[in-house]
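Features reported for this protein in Swiss-Prot:
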MOD_RES   K129  N6,N6,N6-trimethyllysine
BINDING   G178, E179, S180, G181, A182, G183, K184, T185  ATP binding site
MOD_RES   T378  phosphothreonine
REGION    655-677  region 'Actin-binding'
REGION    757-771  region 'Actin-binding'
DOMAIN    781-810  domain 'IQ'
MOD_RES   S1137  phosphoserine
MOD_RES   S1269  phosphoserine
MOD_RES   T1282  phosphothreonine
MOD_RES   Y1308  phosphotyrosine
MOD_RES   T1309  phosphothreonine
MOD_RES   S1510  phosphoserine
MOD_RES   T1513  phosphothreonine
REGION    1907-1935  region 'Disordered'
Amino acid sequence: MGDAELAVFGSAAPYLRKTEKERLEDQTRPFDLKKDVFVPDDKEEFVKAKIISREGGKITAETEHGKTVTVKEDQVLQQNPPKFDKIEDMAMLTFLHEPAVLYNLKDRYAAWMIYTYSGLFCVTINPYKWLPVYTAEVVAAYRGKKRSEAPPHIFSISDNAYQYMLTDRENQSILITGESGAGKTVNTKRVIQYFAVIAAIGDRSKKDQTSGKGTLEDQIIEANPALEAFGNAKTVRNDNSSRFGKFIRIHFGATGKLASADIETYLLEKSRVIFQLKAERDYHIFYQILSNKKPELLDMLLITNNPYDYAFISQGETTVASIDDAEELMATDNAFDVLGFTSEEKNSMYKLTGAIMHFGNMKFKQKQREEQAEPDGTEEADKSAYLMGLNSADLLKGLCHPRVKVGNEYVTKGQNVQQVAYAKGALAKAVYERMFNWMVARINATLETKQPRQYFIGVLDIAGFEIFDFNSFEQLCINFTNEKLQQFFNHHMFVLEQEEYKKEGIEWEFIDFGMDLQACIDLIEKPMGIMSILEEECMFPKATDMTFKAKLFDNHLGKSSNFQKPRNIKGKPEAHFSLIHYAGTVDYNILGWLQKNKDPLNETVVDLYKKSSLKMLSNLFANYLGADAPIEKGKGKAKKGSSFQTVSALHRENLNKLMTNLRSTHPHFVRCIIPNETKSPGVIDNPLVMHQLRCNGVLEGIRICRKGFPNRILYGDFRQRYRILNPAAIPEGQFIDSRKGAEKLLSSLDIDHNQYRFGHTKVFFKAGLLGLLEEMRDERLSRIITRIQAQSRGVLARMEFKKLLERRDSLLIIQWNIRAFMGVKNWPWMKLYFKIKPLLKSAETEKEMATMKEEFARLKEALEKSEARRKELEEKMVSLLQEKNDLQLQVQAEQDNLADAEERCDQLIKNKIQLEAKVKEMTERLEDEEEMNAELTAKKRKLEDECSELKRDIDDLELTLAKVEKEKHATENKVKNLTEEMAGLDEIIAKLTKEKKALQEAHQQALDDLQAEEDKVNTLTKAKVKLEQHVDDLEGSLEQEKKVRMDLERAKRKLEGDLKLTQESIMDLENDKQQLDERLKKKDFELNALNARIEDEQALGSQLQKKLKELQARIEELEEELEAERTARAKVEKLRSDLSRELEEISERLEEAGGATSVQIEMNKKREAEFQKMKRDLEEATLQHEATAAALRKKHADSVAELGEQIDNLQRVKQKLEKEKSEFKLELDDVTSNMEQIIKAKANLEKMCRTLEDQMNEHRSKAEETQRSVNDLTSQRAKLQTENGELSRQLDEKEALISQLTRGKLTYTQQLEDLKRQLEEEVKAKNALAHALQSARHDCDLLREQYEEETEAKAELQRVLSKANSEVAQWRTKYETDAIQRTEELEEAKKKLAQRLQDAEEAVEAVNAKCSSLEKTKHRLQNEIEDLMVDVERSNAAAAALDKKQRNFDKILAEWKQKYEESQSELESSQKEARSLSTELFKLKNAYEESLEHLETFKRENKNLQEEISDLTEQLGSSGKTIHELEKVRKQLEAEKLELQSALEEAEASLEHEEGKILRAQLEFNQIKAEIERKLAEKDEEMEQAKRNHLRVVDSLQTSLDAETRSRNEALRVKKKMEGDLNEMEIQLSHANRMAAEAQKQVKSLQSLLKDTQIQLDDAVRANDDLKENIAIVERRNNLLQAELEELRAVVEQTERSRKLAEQELIETSERVQLLHSQNTSLINQKKKMDADLSQLQTEVEEAVQECRDAEEKAKKAITDAAMMAEELKKEQDTSAHLERMKKNMEQTIKDLQHRLDEAEQIALKGGKKQLQKLEARVRELENELEVEQKRNAESIKGMRKSERRIKELTYQTEEDRKNLLRLQDLVDKLQLKVKAYKRQAEEAEEQANTNLSKFRKVQHELDEAEERADIAESQVNKLRAKSRDIGTKGLNEE
């Protein structure tokens, strides 16, 4: 974000982010990564220092304060590079440690940037002064910004939470923690302010209508003053410290609108009510009341305005400088009003507050000679009792003589003064705490609105970790809370980190850091933990703090690593045990913990409170039950537990609720830091800040970050910044992907490659590696800058020296001129010249003055004329301006209409998006319902099984009961045991009843959820969870019943006692059995109903899916219509922009009209007419746009109606479900039917198994057929091998091949199957690609035709526009003469233009008709393509036969190749000397390297060719690829059969001639054969057989080897000759080059012939296709023209009035026809010229090829010439296609002209018939030319076929040329080495000669310059001498 983007933050910008200048200054400061470090310091924790020396594991460094220190090397931590100074996210620091974090916060705080990110944290430091960063301008700037798009701020955290809530549909929470005074409360208020502002935007109208109660936003904001008044107080660190924790939930609707809010509070500091330290004070409300701002309060509460009159609130300070208690009282009272408190409620709260103050003033004294207390005055007690609505005497009696319960009786107990004082304080604290809780509940009731709410954002404001010298029970609760929150953060943080790694594809082993704190948490909250032991001790009356300590040590000391025995230090409070928290070790003092945990009250006084006449007080204590409260029968257990709930248990319960809330939300973390204890702005106390960083988990988060990869950079940014480290890794000229570039760059650097990972979009670094890269980058930059500086200094010095030389030369010239002037200034003629010169100028001046006067008169006259002209123009300009204003008004109206249309279009788009969202949501719901249905079906089956088991259990139970009837004798104790067991059964039955009700509620809930479709997904998920829980409970109950049955069986053996008692128990058991039966039946009914419901929901789901498909189809239609609407709108927008541009141009021209001429006025009028035309076009486009929008609206209304119908259907389905519910309850036979269905399904499965077996047998038969086909292929392969053996005349080797193939049969069978499968896949892919290619070509042709038609329509419209312009010009001339006549003509022209626009629309409709006909043609062509595919399959069947023919053809070609090779060898022998003497080093070097590669390739090809079996399989695999080529060859072979027969006859003659040579080569081959066999012996027997099958190839190799031997001998001879005379070699080289160039002409001529024939072939094919298309287009256009002609004849009468105008147009049309005719002829000439240029280019290409001197490079080019020719052919085809398109355009133009002529014929009636006949004759001529062209194309097709055959021959010849040229590479092998050496020597000598020559030339040049200067100087001297002599003689003569 640059400085310009920061401007949106206004005055807050400097407090949020550094400016660009500051960032540059920080980055350019001096820095040394190896020396700049942090060292530990006793006072400052860490200080910056520079390393001086290293020695023996220790480092000596100088701190920034100038102090020299020596520390261990492992204590030194590196500083971060300047790039990271004041970084906004500390997780991005490359060196992530404590001092780096501390100093980053310190530097940002010094710049007043108080917010900083630390990974997931936002750390904020209290500035202790007001900063302008919370204004409305800042709120608006942060709204909708992502975290990365704006500087750190609490508003950014808030907005991200709000946006996540809306987008992710998930509840959010913001956790704000920190010590007192760190700014938690302020930040909480800012968060609430932000939500109230952004969520209430757009709802302002309600604010104006609300009464004094205030809007919801106001109430949420005003809740803070009320809470602060009763819950905040001044502390040592903070003047407005919150003494309670709070969790504020702000609820929002589905659209993000504020719905409601509620507040939960934690750990209110009750002790502050009665006790404060010296520097602190009580809660604000006490001092606000005493401020006397509302005197009526003082009277009502019976108090003064002096705080020191009241003991409870005057123990510390009573005033705070930064707080105005009077104003705060008014704010509190106003908050109560806004929150809707009644006057009675406000007064009751004030009364209780005043009563507490009076409570503290009540005094008691000890009775004489007794230990009992008595009141010391009753005045304060009377006031307190009055305010509380109590009796004063009863209050005092209850305090001094409380009644306690002893046994079943109440007795009065005496209290001493200390006990009374404690009871008094406890009662005051209880009253205040309950009043505070009531106020919070009352605020929640106000904020609870009836508006629908979907999500909430929770704001947690709670105290941070506390480690004091004296830590008590309150600190344990706070620290336990923070331990849980830190565990929550750790788990959440690393889960997100892991998700980032997973998303980026980083391999990572999960580490659950949340478990790090589990040991400490378990120690506190688990059974037998600290809290549990504390609560246990509170239950024992004789327990003390010391017994509590003893239990702690017995259970945990030595057993838990987190529990330790403290070390007591003198001067510090005593500690009883220590806990190791994540923030550090805390020593706790347990004194008073039991009392604090029980928090007892004087129950006598509490009973008085319950009976108070003050309604609020009685309500506060109405639900209080003391420890001795009566226990009601049957419910005593619950009552007792609730009454004796300890503080620790209540805190744990609230904490668990809080953690549950937080786990269900997406959390955001804010950590508040207090910078110093003195509240000084801008001062950082390092130890204090470090302590808080440890306590609030920032450093813990850093520890987690260091385990992973904390630094990450996008690939593009990394490449851009660090490419300088190794530019060679990422070359500048070529494109390399950013990720690949980063990988190459990092792999090329000398760094640990385990320190980074590559993700999908980023590169991840371990901590410290990025700093190392920065250091390397700085070093690299310093070297580069040093080099640049040196070069720059050199350039500057040379420039300065050049200036000095130029200055010297200038001085010399000036000196020479001055000397010359001094020599001639006294010369008499010169003096005369000085006198006459001014006179000459004065005469010239007079002449100039005369001419200027004449010019002035003439200009004055012209000025008067121009002035008159200007006035005339001004008058005209006024009228034009008026017209322009009218036009602007019209344009504005059109723009308004367009804006309305755009708004409607936007609305349609929004509706479409909403529909898409609904469709998506419904799809998701359907998927969830299907999943639920599947799960419920499975559960249903499971429950059915369980029901059957239960039935069996019941049967067993009946048998057991029958046996029990016979068992009589048992003791009464056994009967009692049985009774207890039956009571357990009662409980089980009660549980089952509850579960049944829960199931019914879940069922009803599911039905309700069906009504509300928006909540269906969530409610179904909840119902699923509930059902799973119920199923688990049922399983548990079944297990219990099984246990009961076992117990009963055991009891059966024992129950042989009393028959009467057992009979009674039997009766009870029978009743229980009946009840269980009834419940099980009901359970069955319910399960059946659920199953029916599931089936209905499945049916409903299928219906919804159908509806969804219909909606999707409708949405697609809407999208297509919207796309059309967008295109129309784009056209209108373009037209509007053109109009605006034209309007601006007219305005500019009108402004410059003062100097305009009549031509400019005409232009303005012309533009005006164009505006009229465009305005009418815009109006028509707008009407069309509105019609389209109306259609879209109609379709949208239809879709909405359909959705409504769907909702109605759903309602009907719901009613149907409710009706069928009762019917399905009676269907008990479903289980049996299900069994029958299962049996049927089993039978079906057996049938399916049989069918599968049949299919398997069919597949086996197919496999056998495949095996037979493989065997056939194997036999064919053997046959081919036999043929090869016969051709090579080696029968013995053939027999070995057959035996070898027999052994490899099994292996090749599998290979053939694989290859056959690959062949089928490739054939399918090829067919699909061919089909797609044809379709694409056809579509392309259609699109091209449509484009051409649109272009023609556009040209037609342009012609109409130009015609309209000419008509406007005529009307304008008429308007100047006669305004009335001009008006009529304009009206007629308007009608004419309207008619023409209508014609254009009809033309568009005709184009649409063409499109439909093209679509039909497309379908027809697709059918043809399918037929062609059938033909292709047939051709595949003939592939085997063609393969055999191809091999025979290959034999013939091989013989011709052999003949060509022999002729080529003869040619080579004549060129040996030329090639051996070739010394063109650079070309030979490249060609030699390439030739080596080709040689290796050739050898590999020989080896591959020798593998005959693999060749055969490869041919099978590649046959699919060459199907089309084989088809062409098949056609060519039939045509070339006769030619080949004649060629065979010639070949036989040549073969006889070559047999002798073959025999000689055979002898030499036998010698080399042994060596080849030795090389091939390592291969398989397959290689041996293949070698024999290719003897002819080996023969050719033998000839090449022979040539190589001869060339080697020749090379030795040439070597000696070259050593003798290098100059003679160069002469021979040039001669050899010429010979080589001539030798290559034959190859090039063949290539040129191939090129020409290929071009002709492709041109003919393309021309044929184009002609076919043209014929179809012409036919369709003729039909359209005939239809249009009939329509035009109907409007003859309407066009009669424009006959004169039509005559003029006819003349213009005839001229255009002539012009187009001339253009057509010129295009034909141009085509011929281009053909000539093409042939010339071909000849130039041939000449360029002939200039190639290197034989090897020529061979390479011979191989690649085919591709080059194909490219050139493509270019020429494009040119031809372009010419054909031009031709079609001309034909279309002719058709258009014919159409125009028909039009003109109807307009002109008789006058235009002759012209029409001429045009028709011209059209017929063009048609004749078209026929001639078609005949030519037919002839070219015939020539094309001949050329194809010739191309094939040339292709084979070219391939042989390539192979021969490759063989030649070995011939120059050793020669090149010598040539290189000689060439190198020659180059060195030449280089030395060039050097000497350049030196000589330089000296020669300097000598010539010196001679020239000497000559010039000498000539000057001679001239001067001559002049001096002349002057001397003249002086003598004068004397």
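Backbone N, Cα and C define each Cβ position, glycine as well.
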Which one is it, among the modified residues K129, T378, S1137, that lies nearest to A182 (ATP binding site) by Cα separation?
K129
Roughly how many Å separate the Cα of G181 (ATP binding site) from that of T378 (phosphothreonine), to the nearest whole number?
41
If one takes Cβ-Cβ under 8 Å and requires six or more residues beyond its ends, the residues near the region 'Actin-binding' (655-677) are 105, 109, 118, 120-126, 128, 154, 157, 160-161, 164, 168, 170-184, 187, 236-237, 247, 249, 264, 266, 458, 460, 464, 480-481, 484-485, 488-489, 492, 683-685, 688-689, 692-693, 696-698
Can you tell me how the residues of the domain 'IQ' (781-810) break down into helix, strand and coil by DSSP?
30 helix, 0 strand, 0 coil
Using a 10 Å radius on the Cβ of S1137 (phosphoserine), the other Cβ atoms enclosed count 10
Report the member of G178, G181 (the binding-site residues) whose C-beta atom has the most other C-beta atoms within 10 angstroms.
G178
DSSP-assigned states of the region 'Actin-binding' (757-771) in counts, ordered helix, strand, coil
3 helix, 6 strand, 6 coil
Is it possible to get the count of other C-beta atoms within 10 angstroms of the C-beta of G183 (ATP binding site)?
23
To which of the recorded positions S180, T185, T378 does the lowest count of other Cβ atoms within 10 Å belong?
T378
As a whole number of Å, the Cα atom of T378 (phosphothreonine) is distant from the Cα atom of G178 (ATP binding site) by 45
K129, K184 as recorded positions, winner by CB count within 10 A
K184
If I take the alpha carbons of S1137 (phosphoserine) and S180 (ATP binding site), what is the distance between them in whole Å?
62
For S1137 (phosphoserine), what is the secondary structure state per DSSP, taken as helix, strand or coil?
helix
Relative to the Cα of K129 (N6,N6,N6-trimethyllysine), which of the binding-site residues E179, S180, G183, K184, T185 has the closest Cα?
G183
Does E179 (ATP binding site) have same-chain partners at least 6 apart in sequence with Cβ under 8 Å from its own Cβ, and which are they?
R237, A463, G464, E466, C672, I674, Q692, C695
Relative to the mean position of the Cβ atoms of G178, E179, S180, G181, A182, G183, K184, T185, the recorded ATP site, which additional same-chain residues have Cβ within 8 Å?
N126, R237, N238, S241, S242, G464, C672, I674
In three-state terms from DSSP, label G178 (ATP binding site) for me.
strand
Inside 10 Å of the Cβ of A182 (ATP binding site), count up the other Cβ atoms and send me the figure.
26
What is the pLDDT of the domain 'IQ' (781-810) when averaged and given as a whole number?
93
